[in-house]
Amino acid sequence: MSNALLEVRALNAWYGESHVLHGVDLDIREGETVTLLGRNGAGKTTTLRAIMGILRRREGAIRLRGRDLLALPLHRVAQTGLGYVPEERGIFASLSVEENLALPPKVADGGMSIEEIYHLFPNLYERRHSQGTKLSGGEQQMLAIARILRTGASLILLDEPTEGLAPVIVQRIGDVLVALKERGMTILLVEQNFRFARKVADRFYLMEDGRMVNSFPGNELDSHMDELHSVLGV
Amino acid sequence: MSTIFGIPAPALYGQILIGLINGSFYALLSLGLAVIFGLLRVINFAHGAQYMLGAFAAYGLLSYAGIDYWPSLVLAPLIVGAVAMAIERTMLSRLYGLDPLYGLLLTFGLALIFEGAFRYWFGTSGKPYSPPAQLTGAVNLGFMFLPIYRGWVVIASLVICLGTWLLIEKTRLGSYLRAATENATLVQAFGVNVPRLLTLTYGLGAALAALAGVLAAPIYQVSPLMGSNLIIIVFAVVVVGGMGSILGAIITGYVLGVLEGLTKVFYAEASSIVIFVVMAIVLLVRPAGLFGREA
Ligand SMILES: Nc1ncnc2c1ncn2[C@@H]1O[C@H](COP(=O)(O)OP(=O)(O)OP(=O)(O)O)[C@@H](O)[C@H]1O
Ligand SMILES: [Mg+2]
């Protein structure tokens, strides 16, 4: 696919000596929401960490708009327009909510202003002077997403944003993702909850043991249920 | 003559002043150590040598270039900060990710090299360095005579400590610093040049030590061993305040300085150990330090 925003080819990655990704291929087009499904330990987080450059021992190719990311030092990767929302959320205890929000440097024009973000997440506004880690799990997840929206990143890597959250919060995060999609944001979403992901996903990738085992459009989810159940072990 | 607890008031005030002055240096030095340790996880044993280098930079600027105290107050920290940043780039940065012991050993070795070299060039006897003309003399406060230079040191160190605290707590650079202290990888993944932040932080810590060295030059004389005499006490201050706690380093520095001064008045024999006694008690009761976060 030549018109891909992000292109991953034959990506291998290692934690020290342990070989975790085995030849991963992945394409994301501009404006698309792609969801990566796979059971615990399949290598979803590792894929995101390898794309961001947090995991350094990699082979293969990762290109954003044709530009090779593999050669860049970690802090240069975000500057190409990538935003990362880690699985563990990464809210800083020594920073207030507002400082957490303002922390990631802008990487491009067109990001949301703090006012727009507070409009989208009113509870962050109410708690803007609190210590970041004093927020509830759901609020911390909102904050982790919100702070990337400020940066103008064109591709957001979202690692299991609904993990461990109450249904109403999951619903809220779903609404936010729909809103971002409407703004033309490109999203790579890691999820185990495919019922949640089907609301936003244009395409699914299925991952097992560090390999991509299948990929299909969002509207074909129902015809892949058997495979899904076996791969996800649900 | 008035007395307080049987002690003549002027003697008491005099020792409190000396304690405040010593405390100013404890605070400045432990502040730099705390900033460095917080982000780099390096126990900077070269801190005393960097303080000494600051004093010698001022001495050298005056003797060889005729540059006096006021410009030196800026130039000496810049020189020592630049040297420190070169050390961080070429040596310390190779040790990140290893056991903190390696950083400690490297900086300890560097301290020995700097002190040895300066002892070779200048001998161990102190070099006098006069305070600037504007700050000579004393004022009568009514209850005591205050040498103006000493008053200046206390005020200058308070301003520097407050400024550093504001830099860390209230600025964008400071928020990078605090965040990187918690999770450097994530901050770098957001696009912050963390390696450069580490270099700047080490430079800032060393520059603070050098600034303390310039402030100290007119009081204590300039000598190659001036730093190693002080640094052990400063490490005790950092432990009492809590490793890496900025506010803890500042407050503990002044408090322990004054406590040491008061001990001199009431029980002089204990004055050289009182800080270490406090350290031992704090380690037993609250190992993370008075202002440290419990692990
Ligand atoms: N820091 C690490 N060091 C060594 N191995 C790791 C590390 N992190 C993950 N792994 C291993 O890599 C494999 C993939 O892990 P990864 O975290 O990518 O899975 P995941 O798909 O994100 O799972 P989950 O749904 O539980 O988050 C697993 O076998 C895991 O044990
Ligand atoms: Mg994961």
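Glycine too: its Cβ is placed from the backbone N, Cα and C atoms.
Bear in mind that TrEMBL entries carry predicted annotations, made automatically and left uncurated.
These come from TrEMBL:
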TRANSMEM  B:12-39  transmembrane segment
TRANSMEM  B:51-67  transmembrane segment
TRANSMEM  B:73-92  transmembrane segment
TRANSMEM  B:101-122  transmembrane segment
TRANSMEM  B:149-168  transmembrane segment
TRANSMEM  B:197-220  transmembrane segment
TRANSMEM  B:232-259  transmembrane segment
TRANSMEM  B:266-285  transmembrane segment
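Between the transmembrane segment (B:51-67) and the stretches B:101-122, B:149-168, B:232-259, B:266-285, Cβ pairs under 8 Å are most numerous for B:101-122. Highlighted: of the candidate stretches B:12-39, B:197-220, B:232-259, B:266-285, B:12-39 has the greatest count of Cβ pairs under 8 Å to the transmembrane segment (B:149-168). When Cβ-Cβ distances below 8 Å are used as the criterion, the transmembrane segment (B:73-92) is approached by residues 40, 42, 46, 50, 53-55, 57-58, 61, 67, 103, 106-107, 110, 198-200, 202-211, 213-215 of the same chain, each at least six residues removed from its ends. Of the candidate ranges B:197-220, B:232-259, B:266-285, B:232-259 contributes the most Cβ pairs within a distance under 8 Å of the transmembrane segment (B:12-39).
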